[in-house]
Amino acid sequence: MANVIVIGAQWGDEGKGKITDLLSRSADVVVRYQGGVNAGHTIVVKGQTFKLHLIPSGILYPDTECMIGCGTVIDPQVLIKELDQLESLNISTKNLLISETAHVTMPYHRLIDKASEERRGSHKIGTTGRGIGPTYADKSERTGIRVLDLMDPAALRDQLAWTINNKNLILEKLYNLPPLDTEEVVKEYLGYAERLRPHVVDTSLKIYDAIQRRRNILFEGAQGTLLDLDHGTYPYVTSSNPVAGGACVGTGLGPTMIDRVIGVSKAYTTRVGEGPFPTELDGELGELLCDRGAEFGTTTGRKRRCGWFDAVIGRYAVRINGMDCMAITKLDVLDELEEIQVCIAYEIDGDRCDHFPTSARQFARCRPIYKTLPGWQVPTSECRTLEDLPQQALDYLKFLAELMEVPIAIVSLGASRDQTIIVEDPIHGPKRALLHPDGTPASLLSA
């Protein structure tokens, strides 16, 4: 039995969907613990592409129980569309469970999110406009609507009468938008409630029961460490906690019950939206990575900014999340390059900095210090073992592992399940030893 968290070690879009899908083969339960429809994951199975925003990746395995935890915010309209899409493809959704205490994104959340971003002008933060931030804001202000409220028509109508009255003041007076009709919103969301009712349970209790029965549980995060509300590049962050610690809060699980943490990083770095990005590449090289990596957002379709691998944020993600091992994705995107650069440290105002600065203003002044490695310039997408990789690619992976001081357990070389090298068992492998008895760093790349 193992309880494993999968987290993004960069700014999201690292390939967590594929890695979670792979690991779901060994999982009895897959749980999504934070975020909402502002994140998406793409899974390719036997040439068929699935794009999901709320439903956990494990839904493609018929015997795997999938849960949406209390730390997520749920847009019922999107969730029902995903259910309908899967069922139209004869994929069963009967094993999907939804936390009754998860908060619900309402129409006024989306309207306020978009209007607020437009009002920011040059100070925009790059929101997806899906209402995620305002939903979490209402949760913090204790005025939010939870899934269990949808199940009680009288309670929903009473709560929305007060809430929409207040939200209409904001929509009309601040943003010059038309008001919402309370009864129309109530009717719409009661319809959603009936469709979702069979899936709604106390997921925290279900998770605890699965642990008692010694089931393998996989906790799936959305976005990435550098988008974490507390530990990311604030204010250019999301409104929840994608880091490993968020899995406990977002599911109702005690921290002593977590066995392993697996981080996912691309072999280079990408970012969507606003905010500092020290290794960002402009010009032809950035375009090459974007084209070869198909770097367009699953949720918004926005073009992702591309850059070299940043080991400074990599080490930070290892530390913040207590990672036991890493999965490196999209190694094949680098196949054509003659040289590859890796950021090993920053220079800030003439001084070397080996650690991630907590100030976004200071981070914006960081200039990357690079180490240049030779490329391999041969295709790797058909490699299935470490021995199949060209030596330069293997050297590159070893260098990343040394810089981040964590083993690499999985190497992904394409979108399909079979385009993967499993270096060590990421679920049942050993806990990471920080140091050997003699004080030297622990094993870096298992082989």
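Cβ coordinates are placed from backbone N, Cα and C, and glycine is handled just like the others.
As given in Swiss-Prot:
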ACT_SITE  Asp13  active site, proton acceptor
ACT_SITE  His41  active site, proton donor
BINDING   12-18, 40-42, Arg304, 330-332, 412-414  GTP binding site
BINDING   Asp13, Glu14, Gly15, Lys16, Asn38, Ala39, Gly40, His41, Thr128, Arg142, Gln223, Thr238, Arg302  IMP binding site
BINDING   Asp13, Gly40  Mg(2+) binding site
BINDING   Thr298, Thr299, Thr300, Gly301, Arg302, Lys303, Arg304  substrate binding site
Next on the checklist: Give me the long-range Cβ neighbours of Lys303 (substrate binding site): same chain, 6+ apart, Cβ under 8 Å, in sequence order.
Outcome noted: Cys290, Glu295, Phe296, Gly297
Checklist entry - Looking only at Gly15, Gly40, Gly301, which of these binding-site residues has the biggest number of Cβ atoms within 10 Å around its Cβ? => result Gly15
Checklist entry - Cα of Leu413 (GTP binding site) to Cα of Gly301 (substrate binding site): how many Å, rounded? => result 22
Checklist entry - Using DSSP and three states only, what is the residue listed as 'active site, proton donor'? => result strand
Checklist entry - When a 10 Å sphere is centred on the Cβ of Arg304 (substrate binding site), how many other Cβ atoms does it contain? => result 21
Checklist entry - Using DSSP and three states only, what is Lys303 (substrate binding site)? => result strand
Checklist entry - Sequence gap of 6 or more, C-beta under 8 Å: which same-chain residues meet both conditions with respect to Arg302 (IMP binding site)? => result Val272, Gly273, Phe296
Next on the checklist: So the record assigns Asp13, Glu14, Gly15, Lys16, Asn38, Ala39, Gly40, His41, Thr128, Arg142, Gln223, Thr238, Arg302 to IMP. If I measure every Cα pair among those residues, what is the longest distance in angstrom, as a whole number?
Outcome noted: 34
Checklist outcome for this item: One should report the C-alpha separation between the residue listed as 'active site, proton donor' and Gly15 (GTP binding site), rounded to whole angstrom, as 7
Next on the checklist: Let's check the environment of Thr42 (GTP binding site): how many other CB atoms sit within 10 Å of its CB?
Outcome noted: 17
Next on the checklist: I'd like to know which of these binding-site residues, Asn38, Thr128, Gln223, is least surrounded, judged by other CB atoms within 10 A.
Outcome noted: Thr128
Item to check | For Asn38 (IMP binding site), the one of Gly15, Lys18, Gly301 that lies nearest, given that the binding-site residues are compared by Cα | outcome: Gly301
Next on the checklist: Spatially, and counting Cα to Cα, which of the recorded positions is closest to Thr42 (GTP binding site)? Options: Asp13, Thr128, Gln223, Gly301, Arg304.
Outcome noted: Asp13
